[in-house]
């Protein structure tokens with residue numbers, strides 16, 4: 001062997017040794033960097049707990065008035081305002097959801113979230129002390145504005161608290177809280193109304209929100225996203241032109257759905273005009289989004305992600321079937337089983353527990369296995385079978401059946417309801433997650449708003465048609481009577497016949513829910529199988545690259561070209577030699 005070869009061989013070993021040393025020394029640095037990027041676990045858990053309290057209040061407010069409305073209308077003598085108590089909340093929450101995604105992108109999530117809580121608390125306070133029906137409606141509208149930022153804001157903040165692989169577990173917790181509050185709302189509303197006062201349906205939010213604000217102020221630290229651009233440019237970034245069209249579009253749709261078939265017939269000119277305006281304004285909004293590109297409320301490139309489109313589709317049908325069944329199951333218990341408003345809420349507990357348990361299981365399992373798409377398929381199958389079994393309810397359905405069917409449906413719903421948000425977090429960059437999550441929540445809310453109205457009209461038409469065939473029954477009186485008072489307005493000799501017809505009408509609504517549940521398969525089929533582990537590695541690499549780029553920029557700004565610049569200069573000199 002020549003001297004040169006020996007020299008080369010000897011030089012290789014030290015070089016390899018140096019590389020091993022560098023790799024060994026780099027790993028602790030990288031792990032410590034990862035630890036520095038996210039807060040300690042103890043602080044994360046306290047922050048998550050605080051946000052879960054607020055999420056519970058926001059979801060609770062959507063359904064808690066279901067059992068309190070009769071008492072409120074008696075107190076204010078405001079039967080004509082019943083529809084507005086729910087509409088006012090939805091009217092401000094739904095259109096602002098998409099806009100909040102944009103706001104979370106450009107401003108510090110901590111302060112945006114806390115501001116949303118403050119607005120929600122203000123609305124709750126106005127409702128609680130309302131001296132008349134008008135003040136209550138205004139308070140509901142204010143609370144809806146705050147709720148728009150609460151629903152998606154919690155998921156956005158989780159992105160800054162834990163790495164991608166751990167997020168599904170926490171997202172599952174929020175799913176459990178959302179489902180628990182949505183289904184438990186009528187129960188708590190009934191308890192407050194019967195035992196204390198209907199005003200406590202709103203007062204309950206004040207201490208919980210206050211505790212949350214105090215905890216977040218002390219524990220939550222989020223990287224400042226605030227834009228330093230002039231005010232005019234900041235407004236331009238929030239897509240005011242798109243907002244100008246999407247706000248009235250959603251308002252027109254919500255009003256049409258709330259009034260159609262109740263205040264006015266569906267053939268009424270007001271309803272037709274509202275639906276036409278919704279279509280026209282929505283088309284203009286879509287064109288504006290395509291034209292403004294990166295400055296749009298929903299940048300078109302986000303919709304090129306198959307996972308985002310599939311998740312939005314899944315969220316739409318999942319929200320539609322969930323809110324429809326949450327609405328009609330208590331009616332079945334009250335009308336067919338003769339349960340009180342409070343007792344019907346207790347009879348819904350099997351579904352509540354099943355949803356909560358399944359959401360937790362799917363969240364932790366997604367973290368362990370690294371994939372989430374399989375839970376969407378499980379959800380679709382189980383929830384469809386459960387909803388189908390619920391649609392077989394009769395006047396003589398026994399306890400084991402209505403408990404078991406609810407559990408099956410609840411498990412199915414819980415396994416899948418948070419997966420679209422996980423998909424958005426997985427495929428989108430951190431700055432786009434807020435918009436992606438807002439899209440999912442918006443579609444979920446939109447689906448619920450549309451199909452609760454559709455299911456209600458199917459129920460009303462079936463009930464009215466069936467009652468016309470029963471002699472001695474005032475069909476209008478029965479259809480306008482609450483489910484709990486049904487036995488008070490129907491003579492005993494006709495009660496069995498009316499209950500059979502009422503049950504058939506409810507089953508027709510359950511058929512709609514079953515079809516909607518089955519339609520979630522569309523989102524499942526188009527959802528790609530994405531590895532959270534690979535996505536987490538990619539996110540980590542992007543974060544590291546961004547950090548290195550920031551160091552170079554900071555060094556150049558200080559007049560020090562930095563290590564990278566020295567290396568480039570050295571390589572340039574070597575090349576010249």
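The backbone N, Cα and C atoms fix where each Cβ goes, and this holds for glycine too.
Look at TrEMBL and you will find 1-13 tagged as compositional bias 'Polar residues'.
Summarising the annotation, TrEMBL assigns domain 'Major facilitator superfamily (MFS) profile' to 47-532. For the domain 'Major facilitator superfamily (MFS) profile' (47-532), the model's pLDDT averages out at 88.
Residues or ranges marked as region 'Disordered' in TrEMBL: 1-39 (among others).
Positions annotated as region 'Disordered' by TrEMBL: 552-577 (among others).
Residues or ranges marked as transmembrane segment by TrEMBL: 44-72 (among others).
Among residues of the same chain six or more beyond the transmembrane segment (84-104), those with a C-beta under 8 A of the stretch's C-beta atoms are 61-62, 65, 69, 72, 112, 116, 136-138, 140-145, 147-149, 151-153, 156, 225, 237-239, 243, 246-247, 249-251, 254-255, 258, 297-298, 434-439, 441-442, 445-446, 449. Marked as transmembrane segment by TrEMBL: 84-104 (among others).
Among the features that TrEMBL reports, transmembrane segment is placed at 111-131 (among others).
The transmembrane segment annotation in TrEMBL covers 137-162 (among others).
Taken from TrEMBL, the feature transmembrane segment applies to 169-188 (among others).
Proximity of distant same-chain residues to the transmembrane segment (200-220), defined by a Cβ-Cβ separation under 8 Å and at least 6 residues beyond the stretch ends, is recorded for 39, 43, 46-47, 49-51, 53-54, 56-57, 60-61, 64-65, 68, 110, 113-114, 117-118, 120-121, 124-125, 127-128, 139, 143, 157, 188-189, 192-193. Sequence annotations record features per position, and here TrEMBL assigns transmembrane segment to 200-220 (among others).
The transmembrane segment feature in TrEMBL is assigned to 241-259 (among others).
The transmembrane segment annotation in TrEMBL covers 308-333 (among others).
Tertiary proximity for the transmembrane segment (345-364) is limited to same-chain residues at least six positions away from its ends with a CB under 8 Å from its CB atoms, namely 67, 168-173, 175-176, 179-180, 183-184, 186-188, 190, 329-330, 333, 337, 339, 372, 375, 402-403, 406-419. Residues or ranges marked as transmembrane segment by TrEMBL: 345-364 (among others).
Among the features that TrEMBL reports, transmembrane segment is placed at 376-396 (among others).
Using a Cβ-Cβ cut-off under 8 Å and counting only residues 6 or more beyond its ends in the same chain, the transmembrane segment (433-454) has close neighbours at 90, 93-94, 97-98, 100-102, 104-105, 109, 151-152, 155-156, 159, 250, 253-254, 257-258, 260-261, 297-299, 302, 308, 311-313, 315-324, 327, 420-421, 424-425, 427, 512, 516. What TrEMBL lists as transmembrane segment is 433-454 (among others).
What TrEMBL records for 509-530 (among others) is transmembrane segment.
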Cβ under 8 Å to the transmembrane segment (308-333), counting only same-chain residues 6 or more beyond its ends: which ones?
63, 66, 179, 182-183, 186, 302, 339, 341, 343-345, 347-348, 351, 376, 379, 383, 387, 390, 393, 406, 409, 413, 416-417, 419-421, 423-424, 427-428, 436, 439-441, 443-452, 455-456, 459, 483, 503, 506, 509-510, 512-514, 516-517, 519-520, 522-528
Spell out yes or no: are there three or more C-beta pairs under 8 angstroms between the transmembrane segment (137-162) and the transmembrane segment (111-131), with each pair 6 or more apart in sequence?
yes
Cβ under 8 Å, sequence separation of at least 6 from the ends of the transmembrane segment (376-396): give me the contacting residues as numbers and ranges.
314, 318, 321, 325, 329, 332, 336, 402, 405-417, 419, 496, 499-500, 503, 506-507, 510-511, 513-514, 517-518, 520-521, 523-524, 527
